[in-house]
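Features of the protein shown, as given by Swiss-Prot:
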REGION    1-44  region 'Tail (penton base attachment)'
REGION    1-23  region 'Disordered'
REGION    45-392  region 'Shaft region'
REPEAT    60-75  repeat 'Shaft 2'
REPEAT    76-95  repeat 'Shaft 3'
REPEAT    96-109  repeat 'Shaft 4'
REPEAT    110-124  repeat 'Shaft 5'
REPEAT    125-139  repeat 'Shaft 6'
REPEAT    186-200  repeat 'Shaft 10'
REPEAT    249-265  repeat 'Shaft 14'
REPEAT    266-279  repeat 'Shaft 15'
REPEAT    280-296  repeat 'Shaft 16'
REPEAT    355-370  repeat 'Shaft 20'
REPEAT    371-386  repeat 'Shaft 21'
REPEAT    387-392  repeat 'Shaft 22'
REGION    393-398  region 'Spacer'
REGION    399-581  region 'Head'
Amino acid sequence: MKRARPSEDTFNPVYPYDTETGPPTVPFLTPPFVSPNGFQESPPGVLSLRLSEPLVTSNGMLALKMGNGLSLDEAGNLTSQNVTTVSPPLKKTKSNINLEISAPLTVTSEALTVAAAAPLMVAGNTLTMQSQAPLTVHDSKLSIATQGPLTVSEGKLALQTSGPLTTTDSSTLTITASPPLTTATGSLGIDLKEPIYTQNGKLGLKYGAPLHVTDDLNTLTVATGPGVTINNTSLQTKVTGALGFDSQGNMQLNVAGGLRIDSQNRRLILDVSYPFDAQNQLNLRLGQGPLFINSAHNLDINYNKGLYLFTASNNSKKLEVNLSTAKGLMFDATAIAINAGDGLEFGSPNAPNTNPLKTKIGHGLEFDSNKAMVPKLGTGLSFDSTGAITVGNKNNDKLTLWTTPAPSPNCRLNAEKDAKLTLVLTKCGSQILATVSVLAVKGSLAPISGTVQSAHLIIRFDENGVLLNNSFLDPEYWNFRNGDLTEGTAYTNAVGFMPNLSAYPKSHGKTAKSNIVSQVYLNGDKTKPVTLTITLNGTQETGDTTPSAYSMSFSWDWSGHNYINEIFATSSYTFSYIAQE
């Protein structure tokens, strides 16, 4: 029977071999080989071992490849010729290398660690030391934090001293003393002399009458009797009535008018002057005037018109001014005064002791430069040539800000003064009625050239409504109306003409209600529409542009190139907006 060559992938070393496609050979034989693990048929028909490095066959026997340092001893055991040596703290046993350790080193969870006790601790895988004031760590060194008078000098803790404390040559802290203080007994003491003494460790003062110590304040004072007192810590004589002291502290008799001291004869005498006479007795000398001695020997007074003698409730007589209160006069305390009625008042004095009478004015009135009372005019009111109050005086129109109806070139669209802007703002209560148109006189818009399809103009105002110099409109052509021209003097306030900040907030972004969008016509031709966009308080300003408080911008846009070679001139457009008040 011819055996089939087995497939290498399905090798079965048990004989007889099965064919790849036929049925198994019957009867089955049970050879001593039952597993292909470790065996192979190589060459074909020969059973051999399947080997891998370092196993080989040598002289028909299984052998082991050995590299440098390996050999077999006489008993056939595999040995190593390289002997490992160690040094402390490493220790070699029969089959291991160990690390010899002692405290504070220990092995925890198969890792070498350091056992630490306070103040040492392990934090962040680092052995560190806990410290408490005054100990501290500075520049990675343990140090002591000091505060005066303690300090560190030359690496040593030292004490800073100042007089009277000092240190001796033996580095001993001591105190220096000057008389009456002494340290002769080894302690700080005082040298005493009568009447100062010590008792129970306290200083005392020996004293006798009239000196005594008060019970409440323990203060040494002087006991005083009648006629003597203590004034401002000084002992002095008590005086009353006409007795007093002169500038040198001498006691003296104080005298008033009619009396004087005769210092030569040291006597008190009667001293009188006119109209008194004291030759022998005191008399009153009377001259010409209202004073006289009446029949009862009393001093009396003569009086005439405008004066009268008033008898008081106690029957005393008083001379008073006889005035008529019905004629605008009155008494103000003790003075005659004008009884000012409604419409009159006293103004602030312009000079000392003056308080002029003036007219009291209310709303709608004021004083002019000539101190005359005139009506106070508000916006829109003025005087005409006859001096009457009028509304909307064309020669002094404070209700209209404009550029005049036929201005010279006054603004820039692309270049300086390349266009004429006609802008009229008329105040109508809380609304501003406005009219705008523009005419290009030179540049790329006169006529329209190239791809130009828009024109823009921005006017900016400060917080007082005054036109800023960085506007596209020249301030020289912008003022209140005066006839068909403008005022000759620049205005200083026109806030009432500005767009309302609450209705049109000042922002860099345009809001819907801040824009007025409509259509005008080029040269008034209805077949040539131009879109006009008016933006209130919405202009964008860069860092090099003076910020504005209020603003208006005008943009004219058209599509296509149908307007090339046309002069840019728009029809007038009228609009309104809410005014700032």
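A Cβ is built for glycine as well, from the same backbone N, Cα and C atoms used for every other residue.
Since the structure is predicted, the reported quantities are computational estimates derived from the model, not experimental observations.
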Excluding the flanking five residues on each side, which residues at least 6 beyond the ends of the repeat 'Shaft 10' (186-200) place their CB within less than 8 Å of a CB in that stretch? 175, 177, 179-180, 206-207
Using a Cβ cut-off of under 8 Å, list the residues of the same chain at least 6 residues beyond the repeat 'Shaft 5' (110-124) that approach it. 99, 101, 103-104, 130-131
Per-region confidence, the repeat 'Shaft 21' (371-386) (mean pLDDT, whole number): 68
